[in-house]
Amino acid sequence: STLPAVAEELLREIRKAFQETSQVPDELLLGLKFIFGPSAVPALDLVDQRSVTRVRSPSGRTLYQVLGSSGKLYTCYSSCHFCTCPAFGFSVLQKSESLLCKHILAVYLSQAMGACQELPVSEEQLTNVLLAEEEDEG
């Protein structure tokens with residue numbers, strides 16, 4: 001599954017602008033708000049607070065953890081646009097009101113702006129993170 005082309009292009013432009021000027025121009029911020037709606041500003045806040053961590057194992061498997069505004073840690077999979085937060089399940093999956101939740105958008109924005117924390121873990125530690133998520137859902 002991929003994002004709509006317009007969203008992909010916007011994220012590419014944000015990355016390019018940020019690499020060149022270390023900031024995101026107002027017109028791209030407006031585009032972000034237009035495409036992603038109410039998720040845009042909270043996602044930018046999460047990026048500003050450096051709440052996004054890329055968890056990577058030696059085999060190269062990667063997931064992201066985002067410390068939400070409530071203090072809860074959510075696991076995001078950027079490869080399939082999935083987040084463990086309740087808003088994702090409700091607004092994105094059930095009602096199709098949003099493309100993404102604020103946590104996944106924060107992952108994409110922090111990638112574009114080079115603002116991800118890095119957490120190298122062992123394969124076993126990564127497995128434990130994944131199993132902990134299953135237990136939370138079950």
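From the backbone N, Cα and C atoms, a Cβ is placed for every residue, glycine too.
Note: TrEMBL annotation is automatic and uncurated.
Given the structure is predicted, the values throughout are model-derived calculations rather than measurements.
Listed in TrEMBL:
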type	residues	note
DOMAIN	74-112	domain 'SWIM-type'
Open item on the list: Checking distant contacts: for the domain 'SWIM-type' (74-112), what same-chain residues at least six beyond its ends satisfy Cβ-Cβ under 8 A?
Closed with: 1, 3-4, 7, 11-12, 14-15, 18, 35-40, 42-44, 46-47, 50-52, 62-66, 68, 129-130, 133, 136-137
Task: Residues of the domain 'SWIM-type' (74-112) by DSSP state, where helix covers H, G and I - done: 20 helix, 6 strand, 13 coil
Task: Predicted model, mean pLDDT over the domain 'SWIM-type' (74-112) - done: 90
